[in-house]
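**Student:** Attaching a single structure in structure tokens format; questions to follow.
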Ligand code: SF4
């Protein structure tokens, strides 16, 4: 894919979603880290419902360690995998207190060593909380990148991230991450992407394939519909 096409994709997404942003509610790096950890295999909407109460009750790593694990589990039970996540949160809080003075470290290399914090979470935290450009590849970013040909169909999540970092200017990484997520969440959905009205259809391999398939289906339906006899 050439640079002009990449530019066209980025500009189109910007015009469609100029206000794209992190949809996980948080007021500091620690809350963001907990929210992203909770968001694995769960919608941001559900996480926000849970953290509305959670962040009122627990404001520091020490607060999460001051309650039994079972109590924390109950506080986040509406979230999938809540038992594992509760364990990760308490283990993470212990390390934050013992090694980082109760703060979330700013280095990506340090973040990924925390329990429950993978590469994607670390990218979200460094970019949103500490202003370091990063592209976190979640399910939307991976799907959209592959459909548009910004990455290969067989690319791993890490390969998708590397290709995006190579193609997108560094100072646009963080905003591009948000815009692709909005594009995938509200327009190019996993099921029924809005191809017929998509401004990127002319350059999208997946969209063209889908439009062709639906045209073939329509043609077949038309040819199999019995013709009415005109008297
Ligand atoms: S044409 Fe369809 S598949 Fe391609 S980016 Fe647009 S909505 Fe997504």
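Cβ coordinates are placed from backbone N, Cα and C, and glycine is handled just like the others.
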**Student:** Check TrEMBL for me: it has 188, 195, 198 binding [4Fe-4S] cluster, so pick out which one of 93, 204 it puts in that same site.
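**Tutor:** Checking 93, 204 against TrEMBL: the [4Fe-4S] cluster site match is 204.
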**Student:** Taking 148-168, 211-231 as the choices, which stretch does TrEMBL tie to region 'Disordered'?
**Tutor:** 211-231
**Student:** Just name the winner among 188, 195, 198 (the binding-site residues) by count of other CB atoms within 10 A of its CB.
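**Tutor:** When each Cβ's neighbours within 10 Å are tallied, 188 leads.
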**Student:** Over the domain 'HhH-GPD' (38-186), work out the mean pLDDT and round it to an integer.
**Tutor:** 95
**Student:** Can you give me the residues near the recorded [4Fe-4S] cluster site, meaning same chain, not 188, 195, 198, 204 themselves, Cβ no more than 8 Å from the center of the site's Cβ atoms?
**Tutor:** 147, 187, 193, 194, 200, 201, 206, 207, 210
